[in-house]
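According to TrEMBL, the domain 'Major facilitator superfamily (MFS) profile' annotation covers 15-449. What TrEMBL lists as transmembrane segment is 50-73, 80-107, 113-130, 142-161, 167-188, 200-221, 227-245, 266-291, 328-351, 357-381, 402-420, 426-446.
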Amino acid sequence: MSETKQLGKRERTLFVWMLLLTSFSFSISQSAMTTIYPVMANHFNVPISMVQWLTTGFMLVMTVTMPLSPWLLNRVPFKWFLAGIQAMFLLGTFIAINATGFGWVILGRVLEGAAVGFLFPSYQSVIMLITPEESRGASMGMVGLVMGAALATGPIVSGIISQWFNWQGVFVFFELVIGLLFLVNLFVGQNVIVKKDVHLDVPSLIGLFGFAMVLFGIQSLGHTTQPISMIAMMMVGLVLSVYFVHRQGNLSQPMLDFKVFKQAGFTLGLLLTGASYIALIVMTVLMPLYYQNVLHTSKLVSGLLMVPPAALMAVMNRRSGKLLDQKGLKVVMRIGATSIFIGYAGLALTFGLHNAVLAVIFAAFGEVGNAFMMLPATTYANNQLPDYLITHGSAMISTARQFAGVIGVLVATTIVSVVGSGLHDAYIVFALGMAVMIVTVWRITANYQGTK
């Protein structure tokens, strides 16, 4: 069993809210850059394809640091682990604010991405560990609410700031907010996980870069001018990834413990949360294209139309967590899968009507369905594990989501770019994919009676 410090109600409440606010701020930073791409391209005189590395580099570094979080959680007292993450983010943001060239901004974003990669699996693990099992659904519902609210808020915050200030204003905003949370952590942070002497395996650390190489290759395949080199790099990355997985099985203290997959329920939960994340991330990619290219709205109107579904998803995340505690996995997952299918099917069927209201309604079905799938599936997966494996399970799920998101976006953008009526066909393809998911969910939950 993992050893955790018992907290009083007030201590736990303050601690959890500080964690959630830090995660909320980090989540906004992940998506805030897209709004200021054109401004930064003009300022540094670089093409948009290079500016996109502000997000791509961020995600690749996240992929490497996420699996490291279980090792750090066991080695470093959590209060100082979190302070270190916040300090890393602050340093990266400071570098970006004072950048004299675009390379410095990239370096700043790499440090931010590393901090976010360390935090995301860790704070979910900690919240799971300090919450009684019967209340974990509600707690993870709050996590989902924060993630959904960040999805709705990120582009708006960066858009408003960049409207009144220069691009540095966006980074200054994050510097101030995270700086304040750094100070709050010094007062309300808790060392909730008892430190253990866990060895860092350097060959495993090298193997981790294989995941980033594969992820980068998948992202770049559609627009690279050197496909042979890209495929070769992916093969090297794949070999390193296989080596990493194999080595973990031979270590007494693995960096990432693949014994989590011996629990069939964990594997099921991971697959379902990955599928729901694909549904969500693809929705956020396709809807702006529909609003701007089919309905011919402005970017501002397109952004505003994205808010109601995301805000509703944030609210329903809280409700889905409580429902998971009360009714169990079967009810929650069936609601989620059905709602996602209705969303994509509705968008495919009403595509030619060019009706913004219908588009927002069906997008809301898709995103609300995600609220009833992704975090409940994560909670279900981690509930199948003994406490000492929860940190590894959270890191595994977070890393798998990154891969799922990249693959989903690759499929969607390929369909949009290659097929004649691409956007409509993308909705049809994903509606069919969600039909497969809904059948799968209903079949695997048919005889499921558990509440965990």
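Backbone N, Cα and C define each Cβ position, glycine as well.
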The transmembrane segment (142-161) and the transmembrane segment (167-188): do they have three or more Cβ pairs under 8 Å, with pairs 6 or more apart in sequence?
yes
Does the transmembrane segment (357-381) reach the transmembrane segment (266-291) with at least 3 CB pairs under 8 A, where each pair is 6 or more residues apart?
yes
Selected stretch (most C-beta pairs under 8 A with the transmembrane segment (402-420)) from 80-107, 113-130, 142-161, 227-245, 266-291:
266-291
So are the transmembrane segment (227-245) and the transmembrane segment (266-291) touching or not, going by 3+ C-beta pairs under 8 A with a sequence gap of 6 or more?
no
Leading contact stretch, 50-73, 80-107, 142-161 vs the transmembrane segment (113-130) - CB distance under 8 Å:
50-73
Taking a Cβ cut-off under 8 Å, which residues six or more beyond the ends of the transmembrane segment (200-221) line up next to it in the same chain?
56, 59-61, 63-64, 67-68, 71, 75, 227, 230-231, 233-234, 236-244, 247-248, 251, 253-256, 399, 402-403, 406-407, 410
Taking every residue in the domain 'Major facilitator superfamily (MFS) profile' (15-449), what is their average pLDDT?
83
